[in-house]
Each structure stands twice: as structure tokens, then as C-alpha cells.
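S.K.: The 1D-myo-inositol 1,3,4-trisphosphate binding site annotation in TrEMBL covers LYS69, LYS110, HIS206, LYS238, ASN334, GLY338. Annotation source TrEMBL lists ATP binding site at ARG145, LYS195, 227-238, SER253. If you look up TrEMBL, you'll see 158-365 marked as domain 'ATP-grasp'. Among the features that TrEMBL reports, Mg(2+) 1 binding site is placed at ASP317, ASP332. Positions annotated as Mg(2+) 2 binding site by TrEMBL: ASP332, ASN334.
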Amino acid sequence: MHILQQRKVESNNSIAGKIGSTWRIAVWIGKGWRKHLQAAVGLFNMKSPSFIMASSSKFTVGYALTAKKTQSFMQPALISLARSKGITFAAIDRSRPLEEQGPFDVILHKLTTEAWNQQLRAYKLRDPEVLILDPPEAIKKVYNRQSMLQEVAALNFRHCRGKVGIPKQLVVDNDSTSISEKVARAGLKFPLVAKPKFVDGTANSHALSLAFNEVCLSELRPPLVLQEFINHGGVLFKVYIIGHIIKVVRRFSLPDVRENEVNKSGVIPFPRVSCAAASADGADLDPIVRELPPREMLESLSRELRGRLGLSLFNLDMIREGGKGSRFYVIDINYFPGYGKMPDYEKVFTDFLSSLAERKHKVSSVR
């Protein structure tokens with residue numbers, strides 16, 4: 001009986017010891033688990049900034065686009081890919097004041113009314129950290145074909161791989177009867193490309209025509225811009241710029257004009273050159289004609305123009321003189337162009353937004 005009692009006491013002491021050990025382990029875990037977990041997460045975060053954005057913060061892009069632009073740009077694939085990177089798109093309700101919505105990290109827009117621009121300015125005053133893509137004042141420059149190419153011309157861009165300029169051009173604000181005299185005074189050579197002076201997002205603002213001689217100039221309707229037509233092998237390069245990212249695609253353009261065609265009469269209208277159906281990327285072209293402009297030249301040009309124009313989202317319509325050589329011309333600049341027509345635009349645009357999110361996170365970390 002005594003032996004049984006002794007074994008019972010030893011057993012109870014053993015159980016108590018195990019319980020005590022377990023309790024001490026639990027206390028250690030309770031005190032230390034948070035510190036060790038934080039250290040592990042911190043190590044992971046240092047290796048993967050995108051993990052921080054996706055798991056611990058939210059990056060919201062408010063967008064205000066026309067119905068047509070929303071349909072072409074806000075595709076499910078873009079929304080899904082962006083969400084996987086911690087980026088959320090939020091449609092801005094244009095029936096409500098902008099200041100009642102948000103908060104937004106970025107406002108992506110392509111609206112042109114002064115009332116909307118005033119709302120953007122007011123929102124920026126309330127939230128100075130919001131990034132507006134792009135500032136209305138900068139966008140105005142490229143909605144006017146008189147001013148859109150001025151920065152390119154002023155740049156007088158020269159690179160070891162090529163030279164970039166603009167065609168000789170003339171702005172005509174009124175009086176179609178005096179166009180011929182103005183063209184002669186400016187020394188422009190035929191044929192001339194006639195473009196509406198203002199870009200307002202309508203089909204008419206992209207209604208271009210080709211004038212072969214001075215007799216037909218009176219048929220044109222100001223305000224407009226006249227550019228000397230430059231033979232370029234029938235291929236145009238769409239240089240898409242999304243922040244620091246560049247993507248170039250080929251488009252079929254107007255065919256070269258032969259010398260015996262210059263004496264044609266009348267104004268010949270032609271459709272908008274850049275469209276998805278006119279892609280020349282898979283076409284059987286002369287290797288010299290299909291060669292893309294040098295990458296390093298475009299990167300340098302893009303960097304200069306982003307600074308001068310104050311824009312992050314635009315594209316350049318560029319041609320190569322004669323379809324070969326190193327002389328290039330920018331003939332048009334478009335704000336927030338049809339990125340939906342650009343191959344892999346979902347990834348390119350998501351990468352751009354991710355870079356903005358990471359930059360904002362770094363700034364916040366310093367503070």
C-alpha cells in the first residue's frame with residue numbers, strides 16, 4: 001500500500017513536471033512568437049517589395065474615362081492582373097462631386113471639360129499626395145496641333161543612332177481663300193497633309209486629307225495645320241510611352257507619293273492611319289523598312305519629352321524618311337492613346353502602376 005502511494009506521488013510529480021515544461025514553452029512562444037514572425041516577414045519584405053504592396057497595403061486607382069475608352073481599356077484581364085499585384089481600380093462617379101470620393105492614390109482620366117479640370121485641381125489641393133495622370137494643363141498642349149509638336153521642334157533632338165524632328169508645317173486659323181498665298185510665303189512643298197488644328201476626341205479631329213497642289217487649297221476648312229508630306233515607305237511607328245516604359249508597334253501608313261503623282265488635282269481624304277486593322281508587325285516588309293527605330297534613341301527622346309510635356313501617358317506617331325536611314329519625324333502626339341491595341345498592354349500598364357505603388361511605399365517608409 002505504501003509503495004502504491006509512493007508511485008502515485010511520483011506519477012503526479014511527473015505529470016506536474018510535464019505540465020510545467022509545457023507551460024514554460026507556451027510562455028516562451030507567447031513572448032517570442034511575434035518578434036520572430038515580424039523578423040521573418042521583414043526579411044521577406046526586403047526581398048520582395050511587391051509583396052508589401054500586395055499583402056499589407058492597398059493602391060487605389062480612380063478612373064474617369066469616356067464610355068468608349070472605358071470599354072477598350074478597362075478589360076477584365078487588366079483588372080485581374082492589377083488586383084493580383086495589390087492594385088484596385090475604382091470607377092469615379094461623375095454624377096457626384098469628386099471631393100466626396102476616394103481616397104485615391106492615382107486618378108487616371110481622359111475628360112476635357114473645364115468643370116472636370118476644376119474638380120481635379122480642388123481634389124489635388126485637398127490631397128497633395130494624389131498623382132493625377134495627367135495634369136490638365138499638360139494635356140492641353142497635345143490637344144492643339146499647333147503646340148503639340150513645338151517641344152519636339154525646340155528639342156532639336158540628335159542622337160548617335162539618329163535625328164528626330166518634325167515636318168515643316170503651317171497653321172491656318174481662318175480665311176480659306178488666302179491659304180495658297182500663305183503656303184507660298186511659308187515655302188511649303190506639295191503634297192501637304194491637312195489636319196484639324198484641335199484634337200477633341202471626335203472622329204472629325206482625326207479626319208485628314210492630302211492636298212496635291214495650290215488650286216485645291218481653297219477647299220480646305222480652317223482652323224487647320226498643313227504639314228509637308230514625307231515619303232516613309234508606307235510604314236508608321238507607334239511609340240507608346242507609359243511612364244518610363246516604351247513599346248513600339250508598326251502600322252501601315254499612306255504609300256509614298258511618286259513625282260508623277262504630285263500633279264494630281266483635288267483634296268483626297270483618307271481615314272485615320274493608326275488602327276488595329278492596319279498593323280504591319282506581321283507583314284512581309286522590306287527588312288530595311290520594317291526595322292524599328294533604335295531603342296536607345298527612343299528611350300532618350302522619351303525621357304526628354306516626358307519632362308518637357310509634363311506627361312506620362314502618350315504616344316508618338318513617327319516615320320522614317322524614305323523608309324530607311326536615320327532621319328525620323330514625329331508627325332503627331334496623342335494623349336492616353338488606344339493602349340488596348342498595344343500587344344500585352346495589360347502587363348505593361350500593370351508594371352507601370354506597380355512602379356508607382358512601390359515608389360509611394362518607399363516615400364512613406366522614409367517618413
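Just so it is clear, glycine is given a Cβ too, placed from its N, Cα and C backbone atoms.
TrEMBL: automatically predicted annotations, no manual curation.
Predicted, not measured: the structure shown is a model, and the values here were computed from it.
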S.K.: Could you give the Cα-Cα distance between HIS206 (1D-myo-inositol 1,3,4-trisphosphate binding site) and ASP317 (Mg(2+) 1 binding site), in whole Å?
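M.R.: Given the Cα positions, HIS206 (1D-myo-inositol 1,3,4-trisphosphate binding site) is 13 Å from ASP317 (Mg(2+) 1 binding site).
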S.K.: Using a Cβ cut-off under 8 Å and a sequence separation of 6 or more, which residues in the same chain sit near ARG145 (ATP binding site)?
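M.R.: Non-local contacts for ARG145 (ATP binding site): VAL171, LYS195, PRO196, LYS197, PHE198, VAL199, VAL225, ASP332.
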S.K.: Rounded to the nearest Å, what's the C-alpha distance separating ASP317 (Mg(2+) 1 binding site) and PHE237 (ATP binding site)? Just drop the number here, would you?
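M.R.: So the Cα of PHE237 (ATP binding site) lies 6 Å away from that of ASP317 (Mg(2+) 1 binding site).
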S.K.: Determine the minimum-neighbour residue: among GLN227, ASN334, listed as binding-site residues, which Cβ has the fewest other Cβ atoms within 10 angstroms?
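M.R.: Ranked by other Cβ atoms within 10 Å, the binding-site residues GLN227, ASN334 bottom out at ASN334.
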S.K.: Can you tell me which of the binding-site residues VAL235, PHE237, SER253 is spatially closest to GLY338 (1D-myo-inositol 1,3,4-trisphosphate binding site)? Compare CA atoms only.
M.R.: PHE237
